[in-house]
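Engineer: These came from TrEMBL, pasted as-is:
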DOMAIN    1-389  domain 'THIF-type NAD/FAD binding fold'
BINDING   Asn8, Leu9, Asn10, Arg11, Lys24, Asp69, Asn70, Leu71, Asp72, Ala73, Arg74  ATP binding site
BINDING   Cys110, Cys113, Cys389, Cys392  Zn(2+) binding site
DOMAIN    399-491  domain 'Ubiquitin/SUMO-activating enzyme ubiquitin-like'
REGION    509-598  region 'Disordered'
COMPBIAS  565-575  compositional bias 'Basic and acidic residues'
Amino acid sequence: MDTIEVSNLNRQFLFRKSHVGQSKAKVARDAVLKFRPHISITPYHANVKDPDFNVDFFKQFNVVLNGLDNLDARRHVNRLCLAAEVPLVESGTTGFLGQVTVHVKGRTECYECQPKPAPKTYPVCTITSTPSKFVHCIVWAKDLLFTKLFGDKNQENDLNVRSTDATSSSEHVEDVFERRKDEDIEQYGRRIYDHVFGYNIEEALSNEETWKNRNRPKPIYSRDFLHDEIAQQNGNVDKDCAAGDPSSVSAMASLGMKNPQDIWCLKENSRIFMEAFKLFFMKREKEIGNLTFDKDDQLAVEFVTAAANIRATSFGIPLHSLFEAKGIAGNIVHAVATTNAIIAGLIVIEAIKVLQNDTNNYRMTYCLEHPTRKMLLMPVEPFEANKSCYVCSESPLTLEINTHRAKLRDFVEKIVKAKLGMYFPLIMYGAALLYEVGDDLDEAMVANYAANLEKVLSELPSPVTSGTTVTVEDLKQELTCNINIKHREEFDEEKEPDGMLLSGWTQASSVEKDDNKSNGNGGSTSNASQAVPVEAEDNVEMDVLSGKKRRLSEISGQDLLSVTDETKNHEKLEVVDDDDDLVMLDDDPGLNKRKRIQ
């Protein structure tokens, strides 16, 4: 469903500048037909998760080639290909790295047989109290401050700090993030600035224990840097950022700052912060309350860059340019057209093998950044399905949960949708239907299921208690999963923030270790099951592109070490986002102890 952006032009050979803003699918079709006019291509400018693209839709194909840009969509297509029994060729690139894998039901592992990474998270105490890297400041500015000011006001946020207003009575405490009656935008912006960069830092400094072995941050107030500048800029806003596309509104343009690779000083960051803040309220007020950060939203990137740099100044962390900050905030590793061309060629090679039913020669191929035994492309024979995979082997899962406190809604949102990726779930206990989603439900059924969502598990019409087994189905994915329920009274709020623990589910966690334990706010980190590293198996064979097969035992220890190092250097990198987004996987590609197809 993507449209072409300027940043897409350097990574491929189908789109041109004149195509910016048009559908990627439609333009790709037109470009290909120019040099292959006699073939049939049908483009769909739509979301692959739309109901129209169901199992029957997938059954019409001989092979599916994935070039998706997010994990959810990949998992969805994997399940539909399994249900339709259509071979899937998966792929991804990031920078100089990439891979192509082949997945055939009943013959190879599916896309979800091996752990997939969770988005990298950081302990909340590090983000809110003791940042030591610029990325910590970016996460604070993007996920806390931006969300608090412009996102969903009802969402829990670790910036829910309340301070007493000096003019109010001691009994009344106000939310400083709420705009006061008759307060103009400039006053509101300065008050927010002073609170998050000044008052909150002073509050943090009052905890002497935290700063015994750390550099103390410096509070920053708007009066020290802004003076009368904002008043002088008032005339620029309407003139430079008049009507037009809201996403084109820019604080840099309003202030006459043009180079995104410049590193702004504190005064410039403060001006950008205030200008961006003001522009959101003057030009995009209708969006406030529903905004989420988007790396392609110029004003959002300017605000987050400025806020992160001001916070970095306070904590003595080196400042970054908008170009660098955008890359960090959007998890961007810049795409390389050559890598994409290589991976595209490998996709086609595997597709031809599938169409010729040449199953013995299927390969998973990894594109490396540095040569290993003079190889930049490392082909590995596919592995058998993981017998504990809940997707293709239908292995049951176990859920530890407090059945007397957790509601059915918690189970649906945190487990069924968030972790299992089922978007149209049907939940059963025995013959009793507890919950269902669908367009064909009558009003009474909808009301009944809505009422069930608000009940705790043990008080449902068919009570779900310890020892029971719940069946969850997604009819559109044709996927069924059995979950064994185990009652557990207490959970660690920091390590298990969901208040439940799913095991047998293969998602690796990606949580930065907090080296600076704080006495301040408690951190909230994910605790998904981790991949266990195992020894390489001697009889794994690699098919070098010359066509010869070599066993790993024939490769010297130094070569094997360099293969392993190549993956270690990138934290066991597997690309699941090839649209400039980087995701890591804790697994040595092709070198772990999975069973090779015989």
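The backbone N, Cα and C atoms fix where each Cβ goes, glycine too.
Automated prediction, rather than curation, is the source of TrEMBL annotations.
Predicted, not measured: the structure shown is a model, and the values here were computed from it.
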Engineer: How do the residues of the domain 'Ubiquitin/SUMO-activating enzyme ubiquitin-like' (399-491) split into helix, strand and coil according to DSSP?
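Structural biologist: Each residue of the domain 'Ubiquitin/SUMO-activating enzyme ubiquitin-like' (399-491) counted once, the result is 24 helix, 30 strand, 39 coil.
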Engineer: Report, in whole Å, the straight Cα-to-Cα distance of Asp72 (ATP binding site) from Cys113 (Zn(2+) binding site).
Structural biologist: 15
Engineer: Taking every protein chain shown into account, which of the binding-site residues Lys24, Arg74 has the largest tally of Cβ atoms within 10 Å of its Cβ?
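Structural biologist: For the binding-site residues Lys24, Arg74, the Cβ with the most other Cβ atoms within 10 Å is Arg74.
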Engineer: Neighbour count, 10 Å Cβ-Cβ cut-off, for Cys389 (Zn(2+) binding site): what number do you get?
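Structural biologist: Cys389 (Zn(2+) binding site) is surrounded by 19 other Cβ atoms within 10 Å.
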Engineer: Using the alpha carbons only, what distance in Å do you get between Cys110 (Zn(2+) binding site) and Arg74 (ATP binding site) once rounded?
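Structural biologist: That comes out at 11 Å between the alpha carbons.
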Engineer: Whole-number Å distance between the CA of Lys24 (ATP binding site) and the CA of Cys392 (Zn(2+) binding site)?
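Structural biologist: The Cα atom of Lys24 (ATP binding site) is 32 Å away from the Cα atom of Cys392 (Zn(2+) binding site).
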Engineer: Are there any residues in the same chain, six or more apart in sequence, whose C-beta is under 8 angstroms from the C-beta of Asp72 (ATP binding site), and if so which?
Structural biologist: Lys49, Gly421
Engineer: With every protein chain in view, how many other Cβ atoms are within 10 Å of the Cβ of Asn8 (ATP binding site)?
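Structural biologist: Its Cβ has 18 other Cβ atoms within 10 Å.
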Engineer: Fewest other C-beta atoms within 10 angstroms of its own C-beta: which of the binding-site residues Asn10, Asn70 fits that?
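Structural biologist: Candidates: the binding-site residues Asn10, Asn70. Fewest Cβ atoms within 10 Å: Asn10.
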Engineer: Taking the Cβ of Cys392 (Zn(2+) binding site) as reference, which residues of that chain separated by at least 6 in sequence fall under 8 Å from it?
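Structural biologist: Result: Leu82, Lys105, Glu109, Cys110, Glu112, Cys113, Ala385, Asn386.
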Engineer: Based on the record's binding annotation for ATP (Asn8, Leu9, Asn10, Arg11, Lys24, Asp69, Asn70, Leu71, Asp72, Ala73, Arg74), what whole-number value in Å is the widest Cα to Cα distance?
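Structural biologist: This binding site's residues have a maximal Cα-Cα distance of 26 Å.
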Engineer: What average pLDDT is reported by the model for the domain 'THIF-type NAD/FAD binding fold' (1-389)?
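Structural biologist: Across the domain 'THIF-type NAD/FAD binding fold' (1-389), the average pLDDT comes out at 86.
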Engineer: How many Å separate the Cα atoms of Asn8 (ATP binding site) and Cys389 (Zn(2+) binding site)?
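Structural biologist: If we compare the Cα positions of Asn8 (ATP binding site) and Cys389 (Zn(2+) binding site), the gap is 35 Å.
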Engineer: Mind giving me a neighbour count for Cys110 (Zn(2+) binding site)? Other Cβ atoms within 10 Å of its Cβ, every protein chain shown.
Structural biologist: 22
Engineer: What other residues of the same chain, not counting Cys110, Cys113, Cys389, Cys392, have a CB atom within 8 A of the CB centroid of the Zn(2+) site?
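Structural biologist: Here the nearby residues are Leu82, Glu109, Tyr111, Glu112, Ala385, Asn386, Val391, Ser393.
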